[in-house]
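Q: Okay, these came from TrEMBL:
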- 106-185: domain 'Beta-ketoacyl-[acyl-carrier-protein] synthase III N-terminal' (DOMAIN)
- C112: active site (ACT_SITE)
- 239-328: domain 'Beta-ketoacyl-[acyl-carrier-protein] synthase III C-terminal' (DOMAIN)
- H255: active site (ACT_SITE)
- 256-260: region 'ACP-binding' (REGION)
- N285: active site (ACT_SITE)
Amino acid sequence: MRHSRILGIGHYVPPTVLTNHDLETQMDTSDDWIRQRTGIEERRVVTEESTSDLGYEAAVRAIAKAGLEPKDIDLIVFATLSPDFYFPGAGVLLQHKLGVGEIPALDIRQQCSGFVYGLAVADQFIRTGAYEHVLLVGAEVQSKGLDYTTRGRDVAVIFGDGAGAVVLGPSDEPGIHSFHLHSQGKYHDMLWMEKPGSAHRPIITPEDIEEGRQFPKMEGQTVFKHATRRFGEVIKEALAANNLTVDDIDMFFFHQANLRIIEAISKALKIPPTKTYNNLHRYGNTTAASLPLCMSEAVDAGHLRPGHLICPAAFGSGFTWASAIIRW
Ligand code: COA
């Protein structure tokens, strides 16, 4: 039986740091407010790079860690909510930047859950034998699209730029044991970027831009409530489907949105802090990049090691939420 597993992981963040204190000079906010509410202390921001540029940097690192070369990749899956252009997607731009052959490239738009959805997509293509080596990238440039004024302060302080990538390949033993994916579109406007979009004619107007409707908007408390509930549910779903308990899992990786959400779930599920790795204090919420960025750092720090059984989980705009069980 053919399975898939992760062969290599890498990440990249732009060097420029934007601290909470820097934000205090741009809007009516405070380091205290941001730390207490979210746990975030600073985030990275690009100068000129685009999402596919960050994705490229993470991709070359992941490919090298897998012991492969770009020419060995035969499918690109690119998860992002901040593509370089409305169309075409970031995946084809990455195909060009990697200088590889005319391989397929697809984008997926599941926001903070994009990486786990992407794992499921990659797993399918490998298990059926359609492709050997799938490059899955989660990358975001949020900073160019945020409202860094007091009007946008509830959203702008949360997000950051970054990228993470994995290469998946075939395996006799299961690497990806399971995934559980969900969506609930009735809450699409609880965390969204309304314009530009084909729901409107024209897709955006000068008045819309004046009113800031091109910036992401969030009903923070509603998102918080749903996230806390859904994270718990989807982790329990993953454990039950594999006849596992919290004790059987070596590491849990949470989408890095808010330390208070992570602490609430850890407390409810009795997950000890030694089984988690967080970096949102340094990067904020990097959406589709968040999980691979976290897992890649955990590998570099020696926390995530070969043979570990792990459970990544995510929740985000859509709403979408997802979990997986993976043998590292
Ligand atoms: N700095 C200072 N004050 C701010 C602020 C900021 N950056 N952003 C909002 N505020 C103000 C609000 O205007 C409000 O003021 P008011 O009481 O005078 O009206 C006050 O702080 C409280 O706002 P509220 O939205 O109730 O705060 P909160 O405790 O819910 O925290 C979030 C806000 C965004 C941190 C919180 O709701 C959250 O983390 N939600 C989930 C977000 C998330 O995880 N999103 C990603 C999911 S993938």
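Cβ from N, Cα, C; glycine included.
Curation does not apply to TrEMBL; its annotations are automatic.
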Q: Is H255 (active site) helix, strand or coil when read with DSSP?
A: coil
Q: Rounded to the nearest Å, what's the C-alpha distance separating H255 (active site) and C112 (active site)? Just drop the number here, would you?
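A: The Cα atom of H255 (active site) is 7 Å away from the Cα atom of C112 (active site).
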Q: Provide the three-state DSSP residue tally for the domain 'Beta-ketoacyl-[acyl-carrier-protein] synthase III N-terminal' (106-185): helix first, then strand, then coil.
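A: Counting residues per DSSP class in the domain 'Beta-ketoacyl-[acyl-carrier-protein] synthase III N-terminal' (106-185), I get 28 helix, 29 strand, 23 coil.
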Q: Work out, from DSSP, the number of helix, strand and coil residues along the domain 'Beta-ketoacyl-[acyl-carrier-protein] synthase III C-terminal' (239-328).
A: 38 helix, 22 strand, 30 coil
